[in-house]
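Annotation source TrEMBL lists domain 'Acyl-CoA dehydrogenase/oxidase N-terminal' at A:6-121. According to TrEMBL, the domain 'Acyl-CoA dehydrogenase/oxidase C-terminal' annotation covers A:229-371.
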Amino acid sequence: MRLIPTEEQRELGASVRAFLAETAPMARVRAVAESDEAYDARVWERMAGELGLAGLAIPEAHGGSGAGHGEVAAVMEELGAALTPSPFLASAVLAANVLLAAEQAGDEEAAKDLLPGIAAGTTVATFAVPVKGDPVTRARESDGAYTLTGTVRRVLNGAEADVILVASVLTDEVAEEGLGPLAVFAVDASAAGVARTPLTTLDLTRPQARVELADAPARLVTTSGDALARTLDLSAVALAAGQLGGLRRCLDTIVEYAKLRVQFGRFVGSFQGVKHRLADMHCTLEQAESVVRYAVWAADESPDELPVAAALAQSYLGRAFFQVAKDHLLLHGGIGFTWEHDAHLYYKRAKGDELLLGPPRDHRARLAERLDLIV
Amino acid sequence: MTDLDEYGRRARAWLEANASDLSPEPDLRTARAFMAKLYDAGYSGITWPAEYGGQGLSAAEERAFQQASRGFTLPIGVFGIGFGMCGPTLVSIGTEEQKRRYVRPLLRGEEIWCQMFSEPGAGSDVASLQTRAVRDGDAWVVNGQKVWTSVAKQADFGLLIARTDVDVPKHRGITMFIVDMHDPGVTVRPLRDMSGESHFNEIFLDDVRIPADRVVGEVNGGWSAAVTTLLHERVSIGMGATRTERPASFGPLAAAARERGTLGDPAVRDQLVELYIRERALDLFNARLAQELKAGIQPGARGSVSKLLLADLMLHGADVATEILGPDSAAHGEGDRQDDLIARTLAMAPGMALGGGTNEIMRNIIGDRVLGLPREPQVDRTVPFRDLKVGTQAKEAGA
Ligand SMILES: Cc1cc2nc3c(=O)[nH]c(=O)nc-3n(C[C@H](O)[C@H](O)[C@H](O)COP(=O)(O)OP(=O)(O)OC[C@H]3O[C@@H](n4cnc5c(N)ncnc54)[C@H](O)[C@@H]3O)c2cc1C
């Protein structure tokens, strides 16, 4: 088990940090978040081109650089810390993971066609992560061609993506209301029968859209349940790394502030009411980092441990990031409640992330299942 | 199989042969005999320097041994203070003679150690201690009282901190000594703690003569020596936590819930999940600290994170265990081993949040030394000790 990043991962993180500081400082993040743009296309182009991030985890055979989940985590941490609006998570992580898992399961066609564009950053893809309780779209086959019908309530970068991967039920395989096995399909977002409506998101830096499908043409990516399960676990791990980055930034920021702000003739950080809260936040950070490193290691090296590690990562990080973000906002005092201050951006990101793959209770239920606690 | 796996496998085989049927708190003779066997097999002092009797191996072997020893109850409690605090202090700052004289017998369980820091008037603020040591020829003469001293009753030696200069501020007039607990001037009285047993003691020191070569570190440099001990203490308490399986932990409680048919209750299930999450998060943090240590990154005050989290986890675990087991854990018959264990765990749990520095003190340390936050205003750093209001001194002076 490896719980400290490699030298290369640290260097990758440092170069992404430097790049983001230069191209996507907070002022720029805010400008993009408050505009109609989902992300800064020029920054994404450079991230994909100069830094090769769009194809980071995609094998060289498909035009990527074949790095591991440790490297993806290093990038996610930096993007999470900087709140950079970017299709990296949707395209280079979520969608790429689905296609790679499908390929591993023997379904190579879609991977072969779609991955090179994703790796180059010229195709932006996304994956509508199925969340418990949401309606599931239905797939119908006729003459070897598929169409999808139904609503996907929330899709990360759904309004901008060129390709949307959707988990759908094959209608001829289930009874009327049954939830049969899910299969993953790829939908061309510009096809007839695809309607996309941007949603009002709490977190302005991570746009989502509702996608309505009415007999929309789709191609089958995989019917492998294992591929889907692995994808969901990998998504949980990558998101957790982003949450860790945000959490650490929140703590760093408020610690610095507590060393500067004076009330009652003292730095506020010298009051135990403040200091002890910061100490508890630091304890949370130490554990959050450990949990993420473990889950990332499991993703790269220990597939058997991944299901528990991934559920653990989301169960821990979702709550942890939000609590730290909340306390970091509160400890700023009134300024933390203003639109101009960045605290609310982290607070909202933390809440958005906590719910992105389903609420904490879903992850805890998954964990209970995997720990064999369900009788 | 890597060398490390092989090491762990051999350790496990050794433990199966030698540690399968041990009670956690056996009589002293059995405990000492076990330590001697453990030492002779090469599993005591795994990371300690070879020239003083250790094995000179890395934290990875230590961790492999700890993993191998999961599920075994090793009777090592009585040696804990020596291994976790006194020994590491001697290795860090003891003289060459001290290291050669004391470390090997400590590792072999031949000599048991205790730590005499706290006093009736000086606990969290241990630097305000009043036990006096006065130089007399080639020795020091010590008078005073210590309290809450774990394993003092069984101990052969103790690390003592005492005041050697009252004319300087409190942190600058303290010296650390090695005390022979069998000295006629040392009186040890067991104190009964809330578990009903005696885990700690009070100690009266009356004209105890300590040879000058038993000073540890510098004369009047005892505060930095004590800080060394306390840093080791926190790392050792925190990181040692996972060494044996605790009764109020996920594994046994999940099994109990299954057995008693309460696992179907979603509230019970969620309590178990929460416990699992907290245990794993702390386990993984400790494992990460160990890996960092191996990579040359010192944990420093981050040991306090480990200690604080463990204290919280033990209180939480004991609390939740009683909820899962239900009323039986508060009222049980003779043979109900698990309920009895949990009841005792609940009664022991506060100890971890007090001994080795309270949770508030841990938070102060994390704030000050890990996060670098500004300290609280302090009135006691510059005043000579004799003019300071400390512990019970002020009252005595007025009386
Ligand atoms: C099981 C156990 C084993 C022990 N073993 C040993 C041993 O082997 N050797 C030894 O020397 N000692 C030992 N101790 C003593 C232990 O170190 C002290 O009890 C501890 O440091 C607290 O000191 P105190 O009891 O005087 O409490 P006090 O210091 O009087 O604390 C009272 C309350 O005030 C709070 N407080 C004090 N100062 C501050 C501050 N600056 N900021 C915020 N809150 C503060 C404390 O957190 C606590 O809640 C042991 C204690 C226990 C419970």
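For all residues, glycine too, the Cβ spot is worked out from N, Cα and C.
TrEMBL does not curate its annotations; it predicts them automatically.
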Counts of helix, strand and coil residues, the domain 'Acyl-CoA dehydrogenase/oxidase C-terminal' (A:229-371), according to DSSP: 118 helix, 4 strand, 21 coil
DSSP helix/strand/coil residue counts for the domain 'Acyl-CoA dehydrogenase/oxidase N-terminal' (A:6-121): 81 helix, 0 strand, 35 coil
Taken over the domain 'Acyl-CoA dehydrogenase/oxidase N-terminal' (A:6-121), the model's mean pLDDT: 97
